[in-house]
Every structure is written in C-alpha cells, then in structure tokens.
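According to Swiss-Prot:
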TOPO_DOM  161-723  topological domain 'Extracellular'
CARBOHYD  Asn191  N-linked glycosylation site
CARBOHYD  Asn274  N-linked glycosylation site
CARBOHYD  Asn326  N-linked glycosylation site
CARBOHYD  Asn403  N-linked glycosylation site
DOMAIN    499-604  domain 'Cadherin 4'
CARBOHYD  Asn573  N-linked glycosylation site
CARBOHYD  Asn623  N-linked glycosylation site
CARBOHYD  Asn651  N-linked glycosylation site
CARBOHYD  Asn692  N-linked glycosylation site
REGION    774-800  region 'Disordered'
REGION    862-883  region 'Disordered'
Amino acid sequence: MCRKQPFLLPTLLGILAALMLQQGPVEAFGGSRLCKTGFLEDVYHASVYRSVHEGQPLLNVMFTDCGTDRRIQYETSNPTDFRIDGDGIVFASRTFDISPEQAEFLVYAQDEDTRELWHVTVKITLRPPHEHHSHQGFHKVREIKFSTQRNSNGLQRQKRDWVIPPINVPENARGTFPQELVRIRSDRDKNLSLRYSVTGPGADQPPIGVFIINPIGGQLSVTKPLDREQIANFHLRAHAVDVNGNQVENPIDIVINVIDMNDNRPEFLHQIWNGSIPEGSKPGTYVMTVTAIDGDDPKQPNGMLRYKILSQTPAISSPNMFTINNETGDIITLAAGLDREKVQRYTLIIQATDMEGNPTYGLSNTATAVIAVTDVNDNPPEFTAMTFYGEVPENRVDVVVANLTVTDKDQPHTPAWNAVYRIVGGDGTGRFAIKTDANSNDGLVTVVKPIDYETKSTYILTVVAENQVDLIRGIQFKPESTATVSVTVIDVNENPYFTPNPKLIRQEEGLFASKMLTTFSAQDPDRYMQQTIRYSKLSDPANWLKIDPVNGLITTTAVLDRESMYVKNNMYNATFLATDSGIPPMSGTGTLQIYLLDINDNAPYVYPQEVEICERPDPNAINITALDADINPNSGPFIFELPYSPMDIKNWTVTRLSGDHAQLSLKIGSLDYGIYNIPIHITDSGNPAMSNTSYLRVKVCSCEHEYCSTTAPIIGTGLGTGAIIAILLCIIILLTLVLMFVVWMKRRDKERQAKQLLIDPEDDVRDNILKYDEEGGGEEDQDYDLSQLQQPDTMEPDTIKPVGIRRMDERPIHAEPQYPIRSAAPHPGDIGDFINEGLKAADNDPTAPPYDSLLVFDYEGSGSTAGSLSSLNSSSSGGEQDYDYLNDWGPRFKKLADMYGGSDD
C-alpha cells in the first residue's frame, strides 16, 4: 500500500524499484558484474495532465557515473517544450497542452570532458482531467535488499558490496511527516525475525532523528523538511540483526542527497559599487566588476546568476553608455563620448537573477553602481590676459613682481589642472622664476637674482603655461597658453663700493707721519643721481692713518712699525667708510691692507737672560741664543762677542755654535757663590748692521746632585731705584692715613662735647616713655613759671618735686654730668615783657579765629565710603521744627523749652 508522497518524492526514491521490475536486478548491481555508467532505466514514464505550466517539474531521470565524479550535462530532444536541469529533473519549458506527438522525447547525457554520449526515452502518459493521483509520474517506493548466495557446500558467502545509487530528496518538502523514502529488507526475513536500524549523521548522530527506520518493516523515512544550505547530503548505514542482536547481514551504505530548490535570492556583496573610468575612453574599456552570490547550488540553475543593467542616470551622450557581461558581472563601456566636463558621474542599477536569468521563475536582486568619470588633461590652461605688468626695486630678491592667472576646465587640484609656468624668452641671465600657488593655481613671478637699474630698467618676459601631465593625444595648446610679462625696475639709492676691495699695498716700515700712502676711492653705482661721496675712517687699530674726506687720499699719522702688536704676518688692516649724499644716505666699506717690509730697526738680545750654575759647573758651558724682532736678512746669523770690561769678564769666553746660537764657557774651575752679570755684545746681519750689549744674569749656587740647593748672598747688588721709591710711597701713605684717623677722632670728640653742652637735661627725652594724659592747670601759653626763665641756673633739683608729679619723659634721677656754666641769662624783665607783648598782640588780633569757633572746611567731593559726618543740619526757619516734646522733659529743661518752643516770654 502506498501512502501519499510529495510531488517529486516517488521519482527520487524509485531508482531500484524500476530495476526490480526488470529481469535480474541482482545482476545489475551485484554478483560478478561491475557498475555500468549510464541511465538506470531504458525508458522513463511519467503520468501528467495534458495542460502543463512553464517550469512545472514532470519527472526525474536517474544517471549513475559509478562514483567516478563525471561532469554530466543534460539536454532534451525537444528543448522548446521540455528542459532538464543538472539533477535530471525534467521541466516544462513553456505553458502548453501536450499533444500525443509531444508525449515522447529523448533525454541526452554527455560527459563534458570525454564528450561520451548516452540517451534514454521518456514517455508521458496523459491523464484524464478528473483523475487525482498522488503519485503523478512516479513509481512505487524503492526496495533495497540485503542479498546473499549459497555455494555448493551449503556455506554462505557474502556477495560483493552493492553500489547503491544515491537517494535524492528535495529540500523544503511540504506535506505530512514522516515521509517514507525507501524500504530496507533482507532475504532472510522469511526464516528469521529481523530488526532493522540505521546509523550515522541524521540518524543516531547530530542532527539526531532526521531519518528513522521501521525496525520490523525496514521503511526509512524523513521526519522534517531538509535544507540543502545547511547539509547537502547524509551518509547512513543500514543494519539487519536478529532478535538476539546478532548481525545477519553486512551493513550497507545509503547516501541521501538533498536536492536544491530555488529558495535563495541573489545577494550583492555591496549594495553600492564605486568605479571610475577616464573621460574619453574608447568603447569596450573595462570599468569594474560587480558580484552577487546565491545560497543555492552554484552548479545548478538555482544558483546560476545572470546580470543586466536596468537603468542609467543620466542618459547623456548615450542612453546605453555601459554594458555588463551577464555571467561575470564585468561592466565595460559601450559607447564613446565620456566627457567629465559634461557628466562627472553615472549611476547604474544592476540586477542579478538566478535560474540563469529566467525572468519568470528566477529570483532577482538589485544594486547600484556609481561610475565616476575621472579627468584627463584634455583642456590646456589659458591665461586670463595677454600681458601682465609688474615692478620691482633694484637689488631686491625673493620679491613677487606679478601674478599670472589662468583658467583650466579640468578638475581642480589634479595633475591635469595644476599649472606649470615656464619663462621661454626675455630672461637670458636667469633673474626671474615662476612659482605656482597650490591653492589658486596662479603663477608668481619672482626675482631670484639682483637686478641693476643702471644695467637694465625694463624686462619683457615671454611665459607659457602647461600642466603637470601632458595633453592627451589630439589636443593642442592654444595661443591663450602664452603671455607676456612686463617688469619695470625702480631705481633706488645703492651703496657706494670701493674698488678694489680689499686693496693691498706694500710699504717699508719706519715711514714717518704725514707721508702719503695711497688713494682709496669708491664709486657710486647710481650714476644717474649725480651724488657726491665722502670718506671717513672706520677702523684703524694703531691709529696710524687718516683719509681725506673728499678724495680718499690716505696719509700716515705715526711711524709704521712692522713689529707692532697690531701687525699680523707683516700685514696691517684698516677699514674705511664711503657715504653718498642720497636721501637716505648709503654707505659702503673698504679694507686697506698694508704689507710692511722689514728694515733693520731692532737690535738683537740674548736669551735666556738668567741662568743658574753650580760653583763647580760640569760641564762649564752655557748655551745662549740671540733673538731679533726683525726678520731675514736683518736678523741672523749673529756675531757674539765679550767686551773687555769688567775685569772678571776674562773668566769667560763665548763661542758661536750656529747663526743664532752660541756657547758661554767658564775658563776657571769654580766660582764663588753669587750673581754675575755677564755682558754679551751681539751684532745682526742687517745692512747697516745693528748691535747690542745685553747682560746674562748668572747665579752661582751650591749644588746637590747637580741642582742648586742654597742661594749665595747677592754680590754687588742692591735695591733698584724703583723699588726704593715704591717703599717710600707706601710709608708716606700709611702715615697719612694714621694722621687723618687721629684728626677725625679728635674732631668727633669735640662735636660730641658741643652737643652735650647744648642739650638741656629737662629736654633730653631719649628713649623714655612719654606720658601725655596730664590735663588741667589752665592754658599752657599763660600758665608758665617765669622764675625758670629768669634764673635757669638756680632751678631746683628733681628731688624736691612731689612724688607723682615728675613726667615720664624726664631723665631718671641720678648723677648728671657736670657741664660748663652758661653765661648769665638776660634780665628777667626783658623776657617777661617780650612774652606779655606777644600774648597781648595775639589776643587783640581780629583776624585770628577763636579756638571755639565753627571751623569751615573745603569741599572734598561726595561718595565717601565713610558716609557723611554732618547728620545734624540747621533749619532754614524756626517753623520747620517742632520742639513741643521739650516740655515733657521736666522742670530742669523748662528754660530750654522756652528758648525753642517759640514762647513770647
């Protein structure tokens, strides 16, 4: 009994069922015969209704390659009506009614590598319209047997393993589950009670329970829809055991392939694709590749994609500017006319469709391709003017004299737009250069070498503008790419300059003052300004020279001396200044170098000038050298001689060793301790020669191990005049300082005594604490003790004052120093009259304000942070105040109340 199956299931599971209907199925797959490549049936049958729809599956033809993994391609003999996919499923190519003539056709299978060809016949049985059969076009469920064979001895031997064709199950199957796929049985089930089972992924391994088997009947079923994108195939093993669990058959392998269905829509890797192409590209130029993927089997039509362009925006130059390879997704140009100046960007809508691009039953998706038209140098730069003007002061460098402006239609800030300027004429000496401003693309004409107005006052430059990249082929430069620059040089006051500078002259030393040396003159480059030049001395270290301010004549002011400290390597340098009369005046410097020729003006002298020898010298000779400030030929070789005096000079002799060296030898064996001054007469080789007698100071000392240990007393020596004068000056200065100190001390004592005589003991406050809280006793200007003024020398001592009366600022009571008695005071009457007259005059003075009068202060402004101190103001009239409250103060204030109450009394 057959249960209802999905529409393709019986066909996919009927591989062996068809074989078992034929004679000897075992011979086809078992026994000694090997697997044969080809269709599993000679004729395939399908039962369908007359009317079919495009894409409707009709049946499945099975082809086996015996596991050799051949690449098989299928085709029908009537592709107009029927087509076949890579899994062997036959579909209707169009919607039509099948005629009897169309009900039979051939299916071809060809090896793509060897081109070997197989074919099989397909016969379609037309069903009546009222018939409803759940197994349309399919056979009954396949049955797979565990087959054995007995030999002549009655022993069983296992047959060779079967090659079981795969079981194909479509994914996403609908219907009632579980759905039976195949039946597994053994020939021994007639005699034994067997139990069947399956193992492997999908059965007892994850995912567990996808496939189940009836342990008694052997029906293998699938329990749920399959998804090829998750698992494309399952490898199971079928087992047969008896009720005791003993294996009665060897396991057989079962492969279940999940047949792909078109359940995945193509997906582009990017929703927006960006590409670029240079403008002016020829048709057929590659732009970019767009790619989409499909989750379905890429080897089947479900996963085979086809591309096409749905739209192009904008449709300028050509509505079909681009095309796409429908299989690879390569976008190429189809038409000419790409111009960035017209269209900078194209937007394409790309569609990818599976089922090999079938628009009816294929799934599709879209993406956007943005193609930027990149710039090429197809527009030369053009100057905005034919002539540009500029001016520059002479002798200025790194100055921009003119701005050159150009226009370029190419894309800004690209090599095709960036301008490069060149000077092609009018600047033979290379005094100008043109730099490009990176932002504005302007050309900056710059002076790179000084320009002399007196040499050339106007420059006419010819310049051209180009780009960083060459123009594309076929584009020529225009006349507007060349321009003229007129540069005017402005005359400025320039520095005078000496020529030659430095100036070298040769002169013998010893030239006296007021002698002319040379003329050192300067020139003014501003020959059109008619200016005068004046000269002055800038540097003359030895102050030997002066220069005439008008004509530059240099004369000496002192004797030139080659041996001066200011002369280096016989050369003396002086610097002079030349200043013109321009506004502002400009100046330049020049150096005069005087090479001084030597004359014999320096006598030679002995070196060293002091030596030490032992009293018994060994050797008894002293090496000496003659030095001369002059140079050859006015120096060596020298002549060394000893004079005839003093007498002890006879103990010595001198012998010349070379032109500059000699040896002073002692004729006797020893000398007494002391210091000996040996005169040596030396003559140079100058013409005329110069000679000099210099003294060699020889110190004779006691020696230990050939070194002096003690110094002998000085013989015939004493203090020099300079030393004696210095000692006397020191003594005089010391005595003067002592005398000045004594005088200052005496004067200070006298001043101290004079101060003590003038100080009154009563007024000597010093550092005592003053007490100022005594009040009363009348006015101090009237209450005074006249007796103190009359006889100050007879005032009472402090001891007779009452206790508590003595002021704190008075001296404490102790013995006071005795001072000389002052002269007698004037007559007391005179002092009293003087004081009384002054007091009377003060009292009668009408201009003197009384102490209790209202003081008037100057107005110092408002806004004091301390506020106003005059909070009580006088009323302008008596009626403005109410003084009735004074009557409530009692009888004591009655008089005050009467005064302010306005009473008539």
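All positions are counted from 1 along the displayed chain.
Just so you know, glycine gets a Cβ as well, placed from its N, Cα and C.
The structure displayed is predicted, hence computed values, not measured ones.
Ranked by Cα separation from Asn403 (N-linked glycosylation site), the glycosylation sites Asn326, Asn623, Asn651 are led by Asn326. With helix defined as DSSP H, G or I and strand as E or B, the domain 'Cadherin 4' (499-604) counts 0 helix, 48 strand, 58 coil. In this structure, the C-alpha atom of Asn623 (N-linked glycosylation site) lies 16 angstrom from that of Asn651 (N-linked glycosylation site). In the three-state DSSP assignment, the secondary structure recorded for Asn274 (N-linked glycosylation site) is strand. Once Cβ contacts within 10 Å are tallied over all protein chains shown, the glycosylation sites Asn326, Asn403 are led by Asn326.
DSSP classifies Asn692 (N-linked glycosylation site) as strand under the three-state reduction. Between Asn274 (N-linked glycosylation site) and Asn692 (N-linked glycosylation site), the C-alpha separation comes to 105 Å. DSSP assigns Asn623 (N-linked glycosylation site) to a strand segment in the three-state reduction. In terms of local Cβ density within 10 Å, Asn692 ranks first among the glycosylation sites Asn191, Asn623, Asn692. Note: the CA-CA distance between Asn651 (N-linked glycosylation site) and Asn692 (N-linked glycosylation site) rounds to 21 Å. If you compare Cα positions, Asn692 (N-linked glycosylation site) sits closest to Asn573 out of the glycosylation sites Asn191, Asn326, Asn573. DSSP gives Asn651 (N-linked glycosylation site) a helix state. Per-residue pLDDT, averaged over the domain 'Cadherin 4' (499-604), rounds to 90. Taking the C-alpha positions, the distance from Asn573 (N-linked glycosylation site) to Asn191 (N-linked glycosylation site) comes to 140 Å. Cα spacing between Asn191 (N-linked glycosylation site) and Asn326 (N-linked glycosylation site): 63 Å, rounded to the nearest whole number. In this structure, Asn274 is the one among the glycosylation sites Asn274, Asn573 with the smallest number of other Cβ atoms inside 10 Å of its Cβ.
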